[in-house]
Structure formats: structure tokens, C-alpha cells
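Lifted from Swiss-Prot, the feature list:
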- 1-92: domain 'ATP-cone' (DOMAIN)
- 5, 6, 11, 12, 13, 14, 15, 16, 17, 53, 57: ATP binding site (BINDING)
- 202, 217, 426, 430, 608, 609, 610, 611: GDP binding site (BINDING)
- 218: site 'Important for hydrogen atom transfer' (SITE)
- 218-443: disulfide bond (DISULFID)
- 227: phosphoserine (MOD_RES)
- 426: active site, proton acceptor (ACT_SITE)
- 428: active site, cysteine radical intermediate (ACT_SITE)
- 430: active site, proton acceptor (ACT_SITE)
- 443: site 'Important for hydrogen atom transfer' (SITE)
- 741: site 'Important for electron transfer' (SITE)
- 742: site 'Important for electron transfer' (SITE)
- 804-819: compositional bias 'Low complexity' (COMPBIAS)
- 816: phosphoserine (MOD_RES)
- 837: phosphoserine (MOD_RES)
- 883: site 'Interacts with thioredoxin/glutaredoxin' (SITE)
- 886: site 'Interacts with thioredoxin/glutaredoxin' (SITE)
- 887: phosphoserine (MOD_RES)
């Protein structure tokens, strides 16, 4: 059997030669479990006559990827083979690659089609020796196989369909695209990104250094006006933004409802849905950067709009096709008044914005006064508030949407409140910025890789978290994002105007779950909750400090005066809480009041779906969804096991084919294994096995340091109206801005697992674990304070205990989510004297025949116990086991 070499030569397939090549790439891997000969045997079985060496390397990489379930080091080996293959096919010198991309001529048209901007090309040519020598190609081998395949599929630039860039080339291109002629800053960014301390968001990786460097991820668009001209001008703006890889949040509160009078034609309006379908088709047609990602729009609507029932159902799988728009994402911009009416089982009135103008232009007490005035004047149609609430929950259970964002919390706790009323969030519910017909809000994103700051002692017995290093890196990311604002290509002038005036940025995180697992902290432990607080306090302080330093050099952003920050009010002040106290907030506050900040907003932890795949971590701040899952690439589907769990099971001596099949049957859960120590069961709980109350508590803890919001998904294995209501009201009373991004659920029934041998799977419970082999470093919590000596930490000291996971402030029990007084994070449940009778919510009345949109029929007993029960909503009862939230 013959193989064709890269130079066209033909030679016999040699077993020993393949084995030697694989062995050379096994450095640093576990020799007990990585067998180069076994890999070669599997490769040979798939070889065919006339295979090329490139195809042979691809086959070898895929073979190792399939063996990842044997040991996680096989994933590393797969990546090394794939990257070694890429290195053989691509030019090494960065400057030569840039030149090839710059001088690219389109084969179909014969015309020049440069993929690198003139500016970046000239910078590279002028500094090519310095840049070429700065690149460390060995860092390419630190990517996982699936991380590399993600880069290869969508991020690395191609010439005539062939990948031309290496991962290190991409990172240097991004660094130069951001910093231009500031070579030292570019090299700092290159080194930190290539060492995987942080990554910029996908649009920045796609477009930095290209002729049209649109590096922003998020755009918040305002409907220009309720007219044909206004609607179609807005549609064009959305198309231009989507064309350049931007995700869109669009508020449509001001569009008249179905049946409203149209003065210009003396007719009546068709309402929101036909217009929404036009936007739906635009999202389908205009993808993000040539099939890299589909176009994506989220539409925001307040629940008083008369078309609200049709709006929340647009993604449902059944119903009339002409009232569906399944490529858009509905989102609710909910005022506190609606939540109060649901809680009280009160009425709710629906209006057309033409008959009740101004409701979207105010919030808080002003909104309530205007809304109740319109109600008294009889301008709308009144329904039971819980009827609409039920329809919202029904849609969420079926489709995962609509998203829930709280209007009053977003406006009340924003540093942009001096600009006007904020009317929407973005596609992923983490960006909260002011937008107007002449200003499209923009945000540039980057995420810090949290596991990169774990340090293990020389003897391997203890591990610590380096907050000082995290602080330094977060400041670098802040400076980078601020630079992106100036170097960015803006698809529409409204976006340029807004971004230059207010200069918001968004720092996020990825790998929080990985950090907890590496430090051996269960996600729902008190230690993990404290670390969560410390991490976000550190990043917020770093971002504000860096922004203040930039303001001292370049001046504050244009609209700084009049903002809360200009008065010394920071995000935790708006929550009426004091910071944990690791950092010197008093000095920073004084500096901000004196010099200003360069950026109006700095924090917004976002979903990191693609970039966390690249770096090999779990998404953003979420727990793991499963300890075993499938990963699809072009060549097929691969089973992937949580690498931390897999190493532990291998060391315990109980990982085998039976254990693998057991995990598949249990959807990645190890909770039913009698031979696994309890500490591992606690450590490797999936999100389905963690109380959602814990998730919401941790979200509220970090929100004190998040001046925008964050993309908070909620997870319910089997959602019911009671559980959903309980979660929504708990999050609202905690003061969250984003109550829910997606609702994630599990299928009601599992597919038949034809490939599983149940007898083999059952043997997994019989293996005897050798706990003596499980030696891992223990976490040493940080007691360091980086505050000035005269700064007294508010709230808690480094050695203080933090609240139990069931604790909450008395303010969070009230009907209004606004905090009523300063309170310490150490206040526990025992200190509270909460009366169950504070909140009484009557049961949902049975739907009557003449109601326009009857609720689905449910069992009476389930309705009485499950829906809007006062105990479920208040969550303040003596017997936690009787509460849906407390019992998990």
C-alpha cells in the first residue's frame, strides 16, 4: 500500500514510520495510558491505496480524538498531530503570510481582494524582523483538538479555500489590528492571548487587521419611528450591522398594535407580527460575515403592548405559520409594576403605544403613575395579570424564550442613567446601554480565562488563586477594548456616534466551573461562592482603575458629567451594598471623581460559546451541563468526557468501557455511583443537580460588581409553572437585571440507546476505587488585601464567613426589588425575621370561556399547589423541603 508525500513522491506505508511520528508528539503525556502503537494500528486499519500524508495526518488526529474517552491526553495528542499537519502546509514567517493575504487576487474575478488592511500591512513590513521573532509557534500545541478545529473552521484566514494562517498568526494579526503602531502594546497583547490569559470576542478575531475591521459584538438598535420610513430605515440598519458579524437587540415598544388607526391611509394596522416576519427574513438572508454565523436579532417588547400574546409565541413549533418568526428571539423588557400585579393576582392593562404614549420613555414611579393614569382613563384592555404570566411561562417551557430583563433594575442601576431611559438589552441579555433613533449602542467584548490564574505550590500539595495577576490582566483587557473603539469600522454612523460619545466596553469571563473543579471546590460550596465574589470584585476594580488611568491621559468620555460615577457612585453603591474589600475602593472613587473614567461601562459577562471552545474551558460562569457530551466536527461526532473527572476516575482505577457506557446512560451524571467518593460527587455535579437558587444567589453576588448585566441561563430538568414562577420571582427580588436569558430544559423522554450494552454499563458500579491514588492539591483561600493601609474593608474581612446559600437580605423579600438599606454580606438567614404572611398571592382563577386567550388545561390539584402559590413566590417558609426553590 502506497502513500503520496507532500512533494508528490510515492512511497510504501510504513508502520514504524507512523509510530515514530506519533511518539515524537507524545512528550509530556502520561506514558501509562498513551500508546503510540495502538494509535498506529487503528490508523492503518483506515488507510486506503493512494492516501496522501495530509490525509494520513487528518486520520491520525481523528483517531486520537475518538480515543479521548480512554484518557484526556489523547485529546492533546490529536491536537498536536492536527497542528503539526497545519504547520507543514502553511508558511512559517508571519510577515510572509501577511504579504500573501494582502496581495491575494480573487480567482473568479481576477481582481485584487486583499484580506489585510493597508495600515496593518505597512506596520508589519516596517517591523517584520521584530514581529517574526516575537512569535512562539510552540504555543499552537497548547490548543485542544476541538479548540483547534473551531479555529480552523471559522477563524483562520484562507487563500483559495486553503487555511493560510496559523493560530499564532491570527493572534498577532488581532494584536496589531487593535494597537496599530504601538508595537509594545501589540506584543503584550500577543503574549497574553497566546498564553491563554484572555481572548477577544469572535468579531474581533474574525475582522481585526482586515480592510473593514468591524470588531464589535453587540449593537442595540432603536426603532426610528412608527412609520413605513422608520421601520424600513431600521431594517436597513440591522442588515448592515448583521452583514459585518454584529448581533442585534432591537426595541419595538413604539410600534402600534393590531387594529390601530393609521391616519395617512385612513386604515388600520396589521400590528407587530407581519413587521417582525420581515425582520426574520432579513436575519436569515444577511448572515454574519459570509456564512460564519447566521444573522441574529433579539426583539424587546414591554408587556403592556397589546400584541404581547402573539409576540411571546413567535418561536413556537405549532400554530399558524404566518404568525411565527422562529429565527428571531423574543425578549421581555419587564417593569416592576407587572411583577407586582402578578404577585398580587391583580389586573393588567394592554395598550397600543398610539393610545398610551410615553410608557417606554419612563421607569419606576414615573412609569407607574403614567400607567395607572391611562388605566383609569380606560385607554386599554384589562386582563388578569396571571393570565399573561401563564402564557409567558408556557412559551418559555416550550421554546426557552422569551428572555426576561427587568426594565427598572436596568435603569435604576446604570451609569448611563444620565443619558435617558434605557429601552432594551442586546441579543444575549448582558449589554445594557442607552440607544435612540440617532444613537445605536455598541459594545466590544473580551473574556478573561479564569483557570489561568490558578497557581500550585512546588510540592504540589496546595493551590492558590492569583488575584493580583488577574487584576493586571483585566487592566490590559480594559485598555485593549478601549483601543478597539477607536480602531473599529462602524457599519452605520449611528453606531460610531454612540460609541465615541459613551465608550462602553464589556469584560467577561470563561472557565469559572473549570476553576472550581481545578481547585476542588464544589460549585455550590461556600468557598466557591466566596471565590466568585472575589473574582468579580477584582475584575471590576481593575477595569475601573484602568479606565480612570486612561481618562487621566485622554480625558473622560464625552457624557461623563452627570453620570453616577461623576458623583462617586459605583455599581455596588446602586445595589446599596458595600464591596467585599480586597481592593482600595476609597482611593479609586476619589480618583474617578477627580479625573473621570474613559468608559461609561466596563463589565458584562457574556456567553462565550465559541471562544471557550477555542481555549478549552466551560462557558462563561456556568456550571457544567454534563460530564459527557458529543462534539461534532466536519469529520464526524466525538464523545467527550469532562477531562477533570476522567483523570480522577483513571487515578481511582475505575475508568473502563463500562464506566463510559454508564455515563452515557446517566446523561453524564455520576451521582448514582456507589463506588465514587462523595467529594467527587459533590465536585462534579452538573447544572441539573445544582439548586437553581444557588445559581441565582451567585448571580446576585457577582452582579454587585457588574455595571451592565450578564447572560444568566436558568436550568430545569422538568419545568413546572411553580418552579418557573419561583425562580423568576426570586431573581427579581434579588435585584437582578437579567432575570433569564434562555430556559434550558431536558427532554421529557430519552431516545433509545441502541449502542449501549446495559450489562457492561452496570459493571461500572462494581469496580473498586483506590482512593489512595487520588492526590490533588488543596485550595488555600486568599487572605491578601490589596487595599491601602488606611482603608477599612466594608462588609467582611478576609477570614469572615460568607452567607449561607439560603441567606438573603430582608430587602430581597419585599415586593419591590430595590434594596431598602445597606447590609453586610455576612448577614445570614438566622438573623432575618421574615414573616411568611408578608406576601400573599391568590391562586390563579380558572380561565373562563369568554377570555380571548384561554390558558392550557392543567390538573386542578397541580394548579393549586404549583402555580403562583404564596410559598413558592415568597420562598420564606419554615419548612424548606416544601418549597420548590429550597428543595432544589
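In case you wondered, yes, glycine gets a Cβ from its N, Cα and C as well.
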| message | If you measure from the CA of residue 430 (GDP binding site) out to 10 Å, which recorded positions from the list 5, 11, 15, 741, 742 are inside that radius? | response | 741
| Cα-Cα separation of residue 741 (site 'Important for electron transfer') and residue 428 (active site, cysteine radical intermediate), in Å? | 7
| query | Going by C-alpha positions, which of the recorded positions (218, 426, 608, 610, 742) is nearest residue 17 (ATP binding site)? | reply | 610
| said: Restricting to the domain 'ATP-cone' (1-92), what is the model's mean pLDDT? | reply: 87
| query | Given the recorded positions 218, 609, which one's Cβ is surrounded by the fewest other Cβ atoms within 10 Å? | reply | 609
| query | What's the CA-CA gap between residue 202 (GDP binding site) and residue 218 (site 'Important for hydrogen atom transfer') in angstrom, rounded? | reply | 11
| field | Among 202, 426, the one of these binding-site residues whose Cβ has the fewest neighbouring Cβ atoms within 10 Å | value | 202
| message | If I take the alpha carbons of residue 443 (disulfide bond) and residue 218 (site 'Important for hydrogen atom transfer'), what is the distance between them in whole Å? | response | 5
| task | List the Cα distance (Å, whole number) between residue 13 (ATP binding site) and residue 611 (GDP binding site). | result | 38
| request: Specify the nearest of the recorded positions 217, 227, 426, 609, 742 to residue 11 (ATP binding site), where nearness means the distance between Cα atoms. | output: 609
| said: Please identify, among the binding-site residues 15, 57, 217, the one with the smallest Cα-Cα distance to residue 428 (active site, cysteine radical intermediate). | reply: 217
| task | Among the recorded positions 5, 57, 218, 227, report those whose Cα falls within 10 Å of that of residue 426 (GDP binding site); none is a fine answer. | result | 218
